[in-house]
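I have placed the structure first, in the form of structure tokens, so that the comments after it can refer back to it.
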Amino acid sequence: MLKFVVRRLLLLVPILFGLSVLLFVWLRALPGGPAQALLGERATAESVARIEALYGLDEAWYVQYWKFVSAAVQLDFGNSARTNRPVTEEMLRTFPATFELAIAALIFAIGIGIPLGYFAARKYGSWLDNLSVSGSLLGVAVPVFFLAYILKYVFSVKLGWFPTQGRDDPRIDADHPTGFYVLDGIVTGNLEASWDAIMHLVLPAIALGAIPLAIIVRITRASVLDVVHEDYVRTAEAKGLQERTITRRHVLRNALLPVVTVIGLQAGLLFSGAILTETVFSFDGVGRFIAEAISNRDYAVLQGFILVIAAMYVVVNLLVDVSYGLIDPRVRVR
Amino acid sequence: MTTTEPLLDVRDLSVTFARKSGPTVHAVDGVSFTVRPGETVGLVGESGSGKSVTSLAVMGLLPRRGVRVGGQVLFDTDDLLTLPRDRMRDIRGRDIAMVFQDPMSSLNPVVPIGVQVTEVLERHQRLRGDKASAAAAELLSRVGIPDPTRRLKEYPHQLSGGMRQRALIAMALACQPRLLIADEPTTALDVTIQAQIIELLKELVQDTGAALVMITHDLGIVAGLCDTVHVMYSGRIVESAGRRELFAEPRHPYTGGLLASVPRLDAPRGAPLHPIPGSPTDVLRWERGCAFAPRCPNRLDACTDGPPPLETLPGRRLRCLNPLSETEEVPA
């Protein structure tokens, strides 16, 4: 098991190396550069050259790449051209925000998706089943930004139940030792701040979780429909077991295997940032930061963020594979 | 044979499946038989004869949707068909247990064998923890699984087919049921393992005094095991008799055909096999005549005029207008 984990983690090295080369080439192939973006269209050639010299952009690409890599292995990705702060500092600010949002979205999607999929399957052909199937189709089909705007308009603007934007209410004075605002409130004993952070998370989490929710409902439903007709479920019935034991131990444990895979893939996507959702709710996370970095040709931010996201994606997938082995003994690695 | 009150009394059992397209199917139609305590009863027939559906109806394991079950299934004095579902759950696994056909798919692949054995003990005997594990290990060793304590921690895919069927038998016998239903328990196994499993069942049934309903298409199993045999065809019993009477003197042409189709080792080399012509799908609906008539060598015109009744003869029940005569050799 340990060997398997280590081998998978070692795989990160070639993946990140290859990706860093691709990124480097790709970013420099974009029209315009950071200096141009910084100074605007009417910048003089001299001022552009001065900025490029300041950031080392006038050197040969392989010199730039070498400098980047040797710093990056020490987790130094340079400074953002836009905010002029270290990229790692920007990461520490934005990643917890996106994590918090992604986790909230997953809790929403899993917490509703699995029970709904399960009951839809058990009541196969009923109104609940039809509703969940057509509802999940809608969930996949509606564009995220549209859903986000609708949620914001109805529940924040019209009904005023939730705040319209941001991660917290600026009027509340709170410390943020971890950057996870809900957790921060609990750690510092400021439950009001925690609650406020949760209220700020609700609508973005629903918008972001809509697609994973729809997918989880469908996979769970299909999987449960398969499993309830398995011979071992009939064996369990023949033993006279209580219905809840049969559901929990014999139906769900097997039916959830494919669901876990799907959740893992979705989690990887969510952690890498939700540009649309974060933009609509002015949520200061990874997605929004990257979107701004792209329009500013902020090389340092893009290189650093995308590499870290790729590493996270690999780690999340590794976690999924490991947990898969925990629930399915047949794929357990020896 | 004992003359005590029957343990299981199936009366006029019928099972119909409603289909969205096409007519409803009478999978089981007016089946009656009894099982006395400690008795071993065989239900014999080809695929589709209704023998498995009969057993599932007794266990209350048929799907509820689109299935109509009629008649009575008396166990002690309770009619299992009208019993509330909770009561039925109490009886299943404790008083009546079942072993299924395919040990490869009948065990939960993601749950250790031990849990799958102890869960029956926990449910019906309120055994917990170490006591339950010890009892489970005891059960496994009793069905001939070596090193049971280690096996308890293993998963089904780590066991061979024969071992899995033994484990399933252990689960079925966990609460010392008074009735065990075995639905083709050896069909999915190698021939050498088949004999071992049958021996095991025979032994366990003798030791525990449980009654056994053996569902099979294999007359060899019936000959070695059963006291009484019911031959089913297309959802109805066509002949019932004690094992000796049935083998010595089959009266229904279908029973005769089944016996004749068993290859014999003492037959001369190259002697032809004797399959029953046609297939079980060439049936007549019972309302219009004998379902076996299209394949029957003894067919009369009257056979297709209407359903033949199940007549009670001395030591036998028979549904045939033109049975094999009592002295007639099995057609060869």
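Residue positions begin at 1 at the first shown residue.
For all residues, glycine too, the Cβ spot is worked out from N, Cα and C.
As recorded in TrEMBL, the features of this protein are as follows:
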DOMAIN    A:95-320  domain 'ABC transmembrane type-1'
TRANSMEM  A:101-121  transmembrane segment
TRANSMEM  A:133-155  transmembrane segment
TRANSMEM  A:197-217  transmembrane segment
TRANSMEM  A:255-276  transmembrane segment
TRANSMEM  A:305-327  transmembrane segment
Cβ pairs under 8 Å with the transmembrane segment (A:255-276): which stretch of A:101-121, A:133-155, A:197-217, A:305-327 has the most?
A:305-327
Based on Cβ pairs under 8 Å, which of the stretches A:133-155, A:197-217, A:305-327 lies most in contact with the transmembrane segment (A:101-121)?
A:197-217
Is the transmembrane segment (A:133-155) packed against any residues at least 6 beyond its ends, judged by a Cβ distance under 8 Å, and which are they?
120, 161-162, 164, 203-204, 206-208, 210-211, 213-215, 217-218, 221, 274, 276-277, 279-281
